[in-house]
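What follows is one structure encoded as structure tokens, with my remarks underneath.
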């Protein structure tokens, strides 16, 4: 595999910065906000910063499964997937697709760090009102890593649907 050194260095720096922002924000939440408490509210109760922990995955799915299965499904398999994502980043020549993959990888790394080093679970702290859409008054609490993954997947889907066949290198 022929790897462009500048692309590799740029990607690693971008990943490092995103993971640092995620972990620093979680560190501040853990240090200054007790679990289960609200710290700040913006625009009435539209946006809140609160401290909760998630031992499952998206929407706390799997929070109550056996710890051996949890390690397999929430650590081992995601790490393997992230290795493949990193390989795709190194081979990808399209900037939009590469940024999307970097966002996905950075979010995955951020949450895996939590799973490895925070026994109480992944730190979630961003809480947004959802106005009853899909029956939810509030969107499930999330963190920057979760946002990176969602934005990355969305960007990649948009790229794949609309830009992929129009240009090989944006």
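Cβ coordinates come from backbone N, Cα and C, glycine included.
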Where Swiss-Prot places transmembrane segment among the ranges 93-113, 114-134: 93-113
Residues that sit under 8 angstroms from residue 124 (active site) by C-beta distance, when 6+ apart in the chain: 52, 53, 54, 140, 141, 142, 143, 146
